Structures are given as structure tokens and as C-alpha cells.
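Colleague: Quick one: the structure is below, and I'll ask about it shortly.
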Amino acid sequence: MTLRDWLVQSEAQLLDGPHPDRAKRDAETLLLYLIGKNKAWLMAHAEDDFAGCTAIRYAGLLERRRKGEPIQYIIGETEFYGMPFRVTPDVLIPRPETEHLVEKCVALATQKDARILDVGTGSGAISIALAVHLPHAYLTAVDISEAALSIARDNAKLNHVADRIRFLNGDLLTPVSDEQFDIIVSNPPYVPNTDRALISVEVREHEPAVALFGGDDGLAIFRRLIPAAYAAVAPGGYLAFEFGFSQMSDVEFLLKSAGFQKIEFTHDLQGIPRIASAQKI
């Protein structure tokens, strides 16, 4: 069989998977990953024979994808804010929507040497993107998972900012309880436990539950994070975070109750409120 034949057959196989709309793209992505070539090479060699051990390995990758494993975990990498990131099932796969959170923090960082804390860093996507785009800022990234921190450290090296970020293990702000920051940023778990059955199988069964689910109403972490952040934000500083669908009014109440002012909400490209920011006056 030629490479073209394999792609046609593979696309048909993935039509039986959780995302038939992405079957062609996923089949091609997995093939290019396996053979280490780009799309231009594939177009020029579409009639080449494809068999043997490589074809067997390709069939295995396709089956993993058909069963719902995220393609980012299969190939071990993804892109966020124009940068490469290593990902494993120990970390949440960075979403394009979270890029709005990075953009908000860049806009808030009016101090050249801003002290920024990333709570629940996971893959390190937010803190690393901020380190790259705010070259004079001081970054600290915290996560409760040592496995996640290992991935984040690798990603910091991959993006040449390993010397710019201090990685600490612990729950929320516990590792920095005696420090203050100009900006605290977080993408915490906010999916309600009651919505577990509603999210896609590839997310529900493969991504880390600790990074997804935020209690019965999705607000459990916010109830702890927001008051702790208020105590740790320097006067004039900001808290910015991502939140879930229909949580805006609850988030606003929690921010006001903690003492935050100048509360603003940023919508994603679908017009959904996605990012909250607030200032400590």
C-alpha cells in the first residue's frame, strides 16, 4: 500500500472515533509524527510504499486515537501561544481559550519587573508564555502535582526560560504564604462534578481529573483561591483567572466578597465570558 492508500484507509477508520470531523487531519498528523516528515514531503511522496514495522506502529496509533485518546497525548506535544509544549496524561492539554488569560496578564503587567504567580501551573503553559513575553518579570509557578511540575520544568527548558521561573510544589498559595505578588494568575479546575457525563470521552477518560473538576458546582477551588489571592496580592495588584460557562455571577460575588475591585470579564471568540480580572486597591 502507498502512503496515500494508508491515509484514505486511516481516515475511514477514524470516522468511527469520537471526532469524525477531524478524521482526515488526525490521520495525517499521526502519520507525519511517526515518519518525522512535514506535509510538503508527504505530498511529494504520496505514492511511496508504506509497510513493515512503521505501518504496524501507525495502525497502533490510529487505534489509540479511535478509542478517544487525545492526539496531543499520543504524539506527546502541543502548541500554545505559538510555542511548543510537551504534554502527558499528568497535565491538562493547554486550550486556545487560555491564551486570552495570557494576553490579559501581559496587559496588566505595567511594571517592567512584575512579580507574577501562576497557581496550578500544570504543563507550565501560562507561566512560560508570560516569561517569554515579559522578559523582565519574575515568575513563580506552583502545582500540587510533582509529576506536573516535572513536565513544566521540561517545557521551560524547551522554551529557553528555565532560569526565569521558580517552580514550587504545594496546594494553591501554601508554598508562597509569606510572599506578595503584583499579578496572580490561575486556570483552576472549574468543571462541576455534575457535568462529568456531559464532557467528551477524550477529556473525561484521559485528562487529569484533579485539573478538571471543581466540586459539585465547579466553584470549590475559587472559594479557596480568591481570598488567599487577595491576601497575597500587593496593593494595586491583580488576580486573573479562567472560569467556566455560567459561572460569571458567582465569580463576581466571590471577588467582591474577598475585597477585590475593578472587576472585569473578557469573552472568548465565541462570545462566552471566560476570563475574570480584579484589582486589590
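For all residues, glycine too, the Cβ spot is worked out from N, Cα and C.
Quick paste from TrEMBL:
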DOMAIN    13-76  domain 'Release factor glutamine methyltransferase N-terminal'
DOMAIN    108-193  domain 'Methyltransferase small'
BINDING   Gly120, Thr121, Gly122, Ser123, Gly124, Asp143, Asn187  S-adenosyl-L-methionine binding site
BINDING   Asn187, Pro188, Pro189, Tyr190  substrate binding site
Colleague: C-alpha of Gly120 (S-adenosyl-L-methionine binding site) to C-alpha of Pro188 (substrate binding site): distance in Å?
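Modeller: Checking the Cα atoms of Gly120 (S-adenosyl-L-methionine binding site) and Pro188 (substrate binding site) gives a distance of 6 Å.
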Colleague: Could you measure between Gly124 (S-adenosyl-L-methionine binding site) and Pro188 (substrate binding site) for me? Cα positions, answer in whole angstrom.
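Modeller: Here the two Cα atoms are 13 Å apart.
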Colleague: Max Cα distance spanning Gly120, Thr121, Gly122, Ser123, Gly124, Asp143, Asn187 (S-adenosyl-L-methionine binders), Å?
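Modeller: In whole numbers, the farthest two Cα atoms are 11 Å apart.
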Colleague: For the binding-site residues Thr121, Ser123, which one has the sparsest Cβ surroundings, going by other Cβ atoms within 10 Å?
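Modeller: Each of the binding-site residues Thr121, Ser123 was scored; lowest Cβ tally within 10 Å is Ser123.
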Colleague: Let me spell it out: for each of the binding-site residues (Gly120, Gly122, Pro189, Tyr190), count the other Cβ atoms within 10 Å of that residue's Cβ, using every protein chain shown. Which one has the most?
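Modeller: Comparing the binding-site residues Gly120, Gly122, Pro189, Tyr190, the most crowded Cβ belongs to Gly122.
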Colleague: On a simple 10 Å Cβ count over all chains shown, which one of the binding-site residues Gly124, Pro188 is most densely packed?
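Modeller: For the binding-site residues Gly124, Pro188, the Cβ with the most other Cβ atoms within 10 Å is Gly124.
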Colleague: Using a 10 Å radius around each Cβ and counting other Cβ atoms from all shown chains, which of the binding-site residues Asp143, Asn187 yields the largest count?
Modeller: Asp143
Colleague: Looking only at the domain 'Methyltransferase small' (108-193), what are its DSSP counts of helix, strand and coil residues?
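Modeller: In the domain 'Methyltransferase small' (108-193), the DSSP-based counts are 27 helix, 23 strand, 36 coil.
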Colleague: Please identify, among the binding-site residues Pro188, Pro189, Tyr190, the one with the smallest Cα-Cα distance to Thr121 (S-adenosyl-L-methionine binding site).
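Modeller: So, of the listed binding-site residues, the one sitting closest to Thr121 (S-adenosyl-L-methionine binding site) is Pro188.
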Colleague: Roughly how many Å lie between the Cα atoms of Asp143 (S-adenosyl-L-methionine binding site) and Pro188 (substrate binding site), rounded to a whole value?
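Modeller: Pair distance, Cα basis, whole Å: 10 Å.
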Colleague: Would you mind reading off the Cα separation of Pro188 (substrate binding site) from Gly122 (S-adenosyl-L-methionine binding site), to the nearest angstrom?
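Modeller: Answer for this pair: 10 Å between alpha carbons.
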Colleague: Measuring Cα to Cα, how many Å separate Ser123 (S-adenosyl-L-methionine binding site) from Pro189 (substrate binding site)?
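Modeller: Rounded to a whole number, the Cα-Cα distance is 14 Å.
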Colleague: Run through the domain 'Release factor glutamine methyltransferase N-terminal' (13-76) and tell me, per DSSP, how many residues are helix, strand and coil.
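Modeller: Within the domain 'Release factor glutamine methyltransferase N-terminal' (13-76) the tally stands at 44 helix, 1 strand, 19 coil.
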